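Student: Feature annotation from TrEMBL assigns transmembrane segment to A:20-39, A:79-105, A:117-138, A:168-188, A:224-247, A:267-288. According to TrEMBL, the feature domain 'ABC transmembrane type-1' maps to A:82-288.
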Amino acid sequence: MNPSKRLLPSGRQLVIGVPFFWLLLFFLLPFAIVLKISFAEVEVAIPPYSEIVSWADNQLSVLLNLGNYVFLSEDELYLAAYLGSLQIATISTLLCLLIGYPMAYAISRASKEMQTVWLLLIMMPTWTAILIRVYAWMGILSNNGLLNALLQGLGLIEAPLQILNTDLAVYIGIVYAYLPFMVLPLYANLVKHDASLLEAAADLGARHLTSFWKITVPLSKNGIVAGCMLVFIPVVGEFVIPELLGGPETLMIGKVLWQEFFNNRDWPVAAALAVVMLAILLVPIILFNRNQAKELEGKV
Amino acid sequence: MKAFAKTLLAAALAVTVAGAAQADDKVLHVYNWSDYIAPNTLEKFEKQSGIKVVYDVYDSNETLEAKLLAGQSGYDIVVPSNNFLAKQIKAKVYQPLDKAKLSNWDNLNKDLLKTLEVSDPGNQYAIPYMWGSIGIGFNPEKVKAALGENAPVDSWDLLFKPENIEKLKGCGVSFLDSPTEILPIALHYLGYPTDSQDPKQLKEAEALFLKIRPSVTYFHSSKYISDLANGNICVAVGYSGDVYQAKSRAEEAGGAVKVSYNIPKEGAGTFFDMVAIPADAKNPAGAHAFINFLMQPEIMAEITDEVQFPNANAAATPLVAEEIRNDAGIYPSAETMKKLYTTVDLPAKVQRDMTRSWTKIKSGQ
């Protein structure tokens, strides 16, 4: 064997290495920085936190300040904010699933040409900046906006409905913005289903509804899980939509994090909040991975 | 392959050239509040000095501060409010001004400079740009309709007496979303020092707000401008210049909605926006030239005419448009001036308590 070949990584290793390098650079490294700040103390300086690693008298000392995490457990505000975020994320994910599943199902059953058109229509709004789309919703939902004008014009209501600056507006905005992330993975899954399975079920006397629940839904489980993850995880940390559409009562972790960082100049507590949020999000990710692993085992 | 190498070389050269242009003393990076300068100010400076200005804007002190504290903001001129400036000076964000390069220094208002020594002892790091008060913007017709002819529009009673604000709920009331600027109003109203660090007094201020909270439509620091102008709300506690901007907009829209501004008789808070040079500025010479340019009375008067905030340039006052300089809401009388207080920098602990109170007031949590 040629020894020089040994030193060069093989093509296989290189291919595997690229995504790992990507993760290292864009996930692990930033996370390590946030984790480091979360163990620091506030200082009036640039940057506004203390250095936790120091080198003096040939001694390397690492000073971990756990106070920020203790602090988070002392004020019920943070727990309430986490729960608020989880609640909004859970309800929005379910709403996205309820609306997105029939959409994805209908698209996957349409003719090939129409599928392209429908998918394009689903994706088209995402080509506009999210900020502009949220501002459009502000125009629609405000007291003298399109929706209230329409309802009043039809004589359905007398005084305008207060929708903007409430949790309802936040749900509308989030479901609207994240629906494509639910529909696309569901469609990708549903379109691959073998129609002969449904035919066989029909031959055996199953009604449409029965075969839908017994065949289509279980087969699309992976699509459902992928879609729900793609919606749930970013919504937990969502900041823009609740900030613009929500009212002062809308309590989400993104806003509290903003306050710690900007109003209180407390980067360490803000970092600790972010670390805890990631820990909360890791739970569904781990469950998902387990699920996938189990399924792979089942196939073998 | 050769073509590729050439492209690489070209790209490398382009980077070098761009780098050289950046290091040049002929570019000045200015970071200022949005809508806070006259349309021709920068053009005049560029013509006079031969320095090209790259102008960016922000809409909150917090945004600016996060950039400054992260370091290497890339700006040569920034405009923080005085209470933020004080903390940033302590964090060593700024370089001292070289007053030998500021020949127009004497145009500044000496009394205001003295007031500002709370934030910047010896006026070493910054010059005042514009200032203003935090008072009551209102729609006179709607307030009269709700509270009658004798509505106390010149007093904080309008908002802090539940029987008054309850009647205004129907037409809409807003407050700035800023604990360090709004809580001192309640402290002042209760007769406590506005920079109080006493938790008990802060709790009382919180309680005062909790009592009137159900009647407050929203807390926001800029939305009220268009809402006052459109008639969506009838009272807004806001920055003087912003309320005047709402007034101008309402007039431009045909004058169906009227907007007025009062500094309450009990007194009100003030803010000063200060021009300073970050310690890591790449073009400090250009920054000094810009500050000196800004201190020319004609230039400052033009900016005030545009943004309707009073400037801190004594020599500029006679050059300001008459209707602005004679408006007691913009240029307060000497008597009113005595009742104004400055927003000061507070210890981190007190500031955290205020933010926490504010969250409780707003969200009930």
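In case you wondered, yes, glycine gets a Cβ from its N, Cα and C as well.
Where in this structure would I find these features, and how exposed are they?
Tutor: Long-range neighbours of the transmembrane segment (A:20-39) within the same chain, counting only residues 6 or more positions beyond its ends whose Cβ lies under 8 Å from a Cβ of the stretch, are 49, 52, 63-66, 68-69, 267-268, 271-272, 274-275, 278.
Through the fold, the transmembrane segment (A:117-138) approaches residues 103, 106-107, 110, 145, 164, 169, 172-173, 176-177, 179-180, 183-184, 187, 240-241, 244-245 of its own chain, all at least 6 residues removed from its boundaries and within a Cβ separation under 8 Å.
Using a Cβ-Cβ cut-off under 8 Å and counting only residues 6 or more beyond its ends in the same chain, the transmembrane segment (A:168-188) has close neighbours at 88, 91-93, 95-97, 99-101, 103-105, 107-108, 119, 122-123, 125-126, 130, 133-134, 137, 141, 220, 223-224, 226-228, 230-231, 234-235, 238, 241-242, 244-246, 250.
Within the same chain, residues 85-86, 88-90, 92-93, 96-97, 100-101, 130-131, 134-135, 137-138, 141, 164-167, 169-170, 172-174, 177-178, 181-186, 189, 253-255, 257-258, 277, 280-281, 284-285, 288, 291 sit at least 6 positions outside the transmembrane segment (A:224-247) and bring their C-beta atoms closer than 8 Å to a C-beta of that stretch.
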Student: With Cβ-Cβ distances below 8 Å as the criterion, list the same-chain residues six or more beyond the ends of the transmembrane segment (A:267-288) that contact it, or say none.
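Tutor: Contacts with the transmembrane segment (A:267-288): 31, 34-35, 37-42, 47-49, 65, 68-69, 71-72, 78, 82, 85-86, 225, 229, 232-233, 236-237, 253, 256-257, 260-261.
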